[in-house]
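Feature annotation from TrEMBL assigns repeat 'WD' to A:55-96, A:186-227, A:228-269, A:314-346.
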């Protein structure tokens, strides 16, 4: 360990002083707990969802799922090297897109349903036009976005022409899909970026990272707006609250948390009844009352966000759940797992 | 897939174990690992294994193996100059199997999309190694398997894999040099020696495996438990008509833990034992669920060979061989559990092309097993079963060995200095710290609200939206997934029958109104009636412009400026002069305008609409009529599906 020169030390001290100030400030603002405030609310029932359909077709671990804006179609990506676009209503495959690289980690559907994007260990993000076929009859690859130094861990469409990605090289990139050029590219975190969630108004987004923090960003700017601490291990996924004023996050540290943007701190914490599972993915219901998290032990846990009570589990998967996605109208939850299945819960 | 190398290994392994078992009748638990049957197959599978598994369909493996083939092939081929001919000398059966391997490998490769070619190249290279050809082959493999850009960092993760190969080739060399057919006595010690050295080697390579610290700790404890005098008492229990070799009871184990460790009570000791068990260090002799009970249930120690610290990443093919073998051994204790039978069926489907080969392998392993001493077989069978219980756990059990491939990747990256860990530290610390301080200052300056306010906002939001949350309130239109009716999606498109709840939602906020296509339509009509349609039009054009590709942005910005903001605009919007000035500057900026240049003006207009037109719209007869109208219609729809309203 090299000796720390006085200048650096002074800076460290300053930072530590500031951290203390934040803590004091947070304490000062924490005039009550969420549970206090929600004490007189009526209880919500145990989560009523059942595993209604199993979408069968993948022959390896399924890593990611995302719904299109129509709340009916979803796309899943698996280590078998395929993207499958499903009509969740009929449980039929609408399209199967063979990938160049089988190591897909994340998928995204554009809100319009016109494009899907995916990426992973190939250190690239590939965008397919769902409505256009190439010579062999599969969806046409319209863009291959390269230049990453780490695997792609998350991507989301702002609209048909713009995409934001987070990757294992700690970077956040913004892409103009029409031109295929990067419009922004900056270091987002001090560790792999693990999850990304767009605000309901598409003006801001939250990222979660292996550096145990989550950050708030403006889609127009490079610097982060706010930073949120609390998790003790990798933050694996984040999900904007539908009111746009907060977000939920989940982590390997066996907790999920609720943060508020305006009070700039954590206001809720959620744990599984037996402390036996870390979480890989989270989602909030339309009113923000239910929080759902996919666990590495194969269950989806749910909580009442307000009263911070566990409201049941959805069991069916036989292995780690890798991703859950609630459709935009809030009626159907899709989950993907290492057991090669995609399940629909409603 | 397993090449003849493993076949040679296996015969030799049997020889070794037989030799050992004749020498000392005390099996597995304390012996220096008598190389049981199938795992050599896993590790020694050699080059062909790795390449085969790069077939995407076949594998549930971390991302490493594709490029892995190359280094693995390289090391083995160079360090062991001519393994194949020597192995051939081992006997005819080996030669036959080798042919089959090559044949199977090539058919499989032909049938696959990626990495298949690599499979052929390397397995051929492994089988027939003309020294000059090797390097070429290896290079081929790398290029054909190379995944763009990342192969460098990935290949570092492979060291674990290649070290395994390394070891087994050594082993094979030593065994084949002991001239195959006879001299088991001689073979046995050489096996042990090589194994321990390779164990050392392997542990070096695996130092950065994710759980290695935990494994090391657990292994230290297990070694204590196995100490001859102070450890847990291991005995052979006589049961009716048979013997149960080398076991201890759960109660003994818990008592030992209580005595030797600083644990508070039995529950904690049990939990502790359970953790050891879930990693497969100790296992119940007749149960697939790896846990420990504080009673007379019998447990056994796993042989160090199977410890998870050896970083086994067994392939589905190995699992298939194992399950297949179990079906051949006609013993009740080896009968497949339901979930195993299911897995077998799945695997059979998956590997239908090479099932014949898997079957042959299983058959030969089973034959070898039958020659063993009965008690020893019992121990080995149970240890092998426990190994698979760890790596392919029974449904409902936690899988302790499978790693998240993101983690594996990070691990690979870290040793190369790329990826998340290495970077960013090197930069000037003062500069970095100053940046952090600047950011923190911003944070301090930010005004935050009290938690009570935040909580109130959440409650208010819930009160407003719980009606629309399917988790809490049943939807107005039948849930299409449950009722097979697509009504919900159909009404989205036509504006005649809009459910009342949806119309009510328009009143929550302007955003809700504008997000709903029909709502936006209604609002536009209303504004047209009021002769103030330009505000919404301006706002909409700005949003549309922002979604345009970069190439069309400039033109669109110009158009918007001309139409709404320019002094002689045909359709001027009511924006304060300051916003117009800002927009003018942005539009004429020397770097060219960007897509956000009208944001200030647009948000001004949005506020104007929100505070003025929107509230008037909500009070208007137009909205009220629409609301009543949909209310009536809703009443007229019979409640067909018994959904609570």
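Glycine is no exception: its Cβ is also placed from the backbone N, Cα and C atoms.
Those TrEMBL annotations? Automatic predictions, nothing curated.
On a predicted model such as this, the values are computed, not experimentally measured, just so you know.
Away from its own ends, the repeat 'WD' (A:228-269) comes close to residues 26, 29-30, 33-34, 191-192, 194-201, 204-210, 212-216, 275-284, 286-288, 291, 293, 296, 301, 303, 305, 308, 323 of its chain (Cβ-Cβ under 8 Å, at least six residues beyond either end). For the repeat 'WD' (A:314-346), the DSSP counts in helix, strand and coil order read 0 helix, 17 strand, 16 coil. Nonlocal intrachain contacts for the repeat 'WD' (A:186-227), taken as residues 6+ away from its ends with a CB within less than 8 angstroms of a stretch CB, comprise 150, 153-156, 158-159, 164-172, 174, 233-240, 242-244, 247, 249, 251, 259, 261, 264, 281. Residue counts of the repeat 'WD' (A:186-227) by helix, strand and coil are 0 helix, 23 strand, 19 coil (DSSP-based).
Look at the repeat 'WD' (A:55-96): DSSP puts its residues at 0 helix, 24 strand, 18 coil. Taking the repeat 'WD' (A:186-227) as a whole, pLDDT averages 92 in the prediction.
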